[in-house]
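Visitor: Pasting in a structure now, in structure tokens, and then I'll have a few things to ask.
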Amino acid sequence: MSFNFIKDKDKKIHFIGIGGISMSGLAAVLLNSGYSVSGSDFKDSAIIDKLRSSGAEIYIGHRRENINNVDLVVYTAAIPSDNPELLEAKEKNIALMDRAEFLGQIMKGHKYSVAISGTHGKTTCTSMLSHITLADNLDPTILVGGELDAIGGNFRIGNSEYFLTEACEYKRSFLKFPPYVGIILNIDSDHLDYYKDIDEIADTFLQFSRLIPEDGYLVGYADDQRVNEILSETNCNTLSYGFSDNANLTAKNIHFNTNGCATFDVYKDGNNLFNITLNVPGKHNILNALASICVSLIFNISNDCIIEGLSNCKGAHKRFEYKGKLNGVTVIDDYAHHPTEIKATLSTAKQMNHNKTYCIFQPHTYTRTKALFDEFTECFNDADELILMDIYAAREKNTGLVSSDELGDALRNKGLKCINVHSHDEALNYVKSKLVSGDLLLTVGAGDVVIVGEKYLKA
């Protein structure tokens, strides 16, 4: 079924898993546009309360009877094939559409759609670009994969031709998007439960770049060899960024303050544009900022608005998020779940004025832990001590493929101070016995490891 965002406003649309970050944003866009929306999720949440207050009919729990007088059912890749609502829709011959295709259909209703892709950094880059476009009063519609204070959550409904969204490569989802501007932040090994290897991943990003029209733009990280190759092969306009001089946009004269935030000069094709100080820490965030600046230049946003937007951007929740301080111990939470991200997070922490860094890491999915096992043994060197939790299964089942105990043994064999724990309370009790004033407690992972830090602050 095709879906016309402009014309099909008489349709009732049901979302299976409406409380998810992306699905809730899509539902909000439709509600604001006058559609009748229903949905279901396995638990209540603040996001669901917000949708209810906007007029959505939401059920807690997935049941066949929830599919009632529905014209279209939208679902995500995380929904199993035996989901009762999915089965009911099929039996009733109700049109089905997966989340990525549906998002792509909505994007077609916006002239200037921007799709931010890459293995790492999508949420932060989208957050930065959101702040910049808001500073310039472009009134964008925004879908971001995290909670952003500036827009009061994970979505913003605009009334302009500008549309900003993350574009995930998992199961080739982003190949269903029609971007006017596409960003490729980086290409790394991930989602190896779906992709065969890094070459297949890179080929998928190449296909993504070919979705951009000839008068559109591809923005890419020039220092990433695979991204650079795609920049040279695409048929649209290109704009590159990086630390090397062969990039169109570069950062020079870089300095970091005591909070790990960078100040630097932005150069375009050898010309100094302006000086900027970021409000998010880490060298990797210089690159995210440069990517967002590239898009800003494409849209002729003024330097003043770029500087204002980036200065105001404190990042999304769960992206090196300051949670609080107790007895001189700082608690920070980060979503990092890939070795490259973990390295960047710990490197950022090292730049700050802390005594010792205690890192509690919760691996995310068995397939990722197994596929990147060797890389995981090399990414925690900047932690003074690692507390390793059991693997967070997410969409997977434990088949004995790999365990946190095995990873812990490998890390200890490399000389890292590491202990394994098997519950949030065990992790909490351990760090409470070790932490002293001046230390940093860093909870890392895409699961529910954040609970440990939050409990510590309430102790």
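First residue shown is number 1, and so on along the chain.
Positions of Cβ are set from backbone N, Cα and C atoms, glycine also.
Okay, so Swiss-Prot annotates it like this:
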type	residues	note
BINDING	Gly118, Thr119, His120, Gly121, Lys122, Thr123, Thr124	ATP binding site
Visitor: Please report the number of other Cβ atoms within 10 Å of the Cβ of Thr119 (ATP binding site).
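Guide: For Thr119 (ATP binding site), the count of other Cβ atoms within 10 Å is 22.
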Visitor: Per residue, counting other C-beta atoms within 10 angstroms of the C-beta, which of the binding-site residues His120, Lys122 reaches the highest number?
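Guide: Answer returned by the neighbour count: Lys122.
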Visitor: Once Gly118, Thr119, His120, Gly121, Lys122, Thr123, Thr124 are set aside, which residues in the chain still have Cβ within 8 Å of the Cβ centroid of the ATP site?
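Guide: Nearby residues not in the site list: Ile116, Cys125, Leu185, Asn186, Asn288.
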Visitor: With a 10 Å radius around each C-beta, find which of these binding-site residues (Thr123, Thr124) has the fewest other C-beta atoms nearby.
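Guide: Lowest Cβ count within 10 Å among the binding-site residues (Thr123, Thr124) is Thr123.
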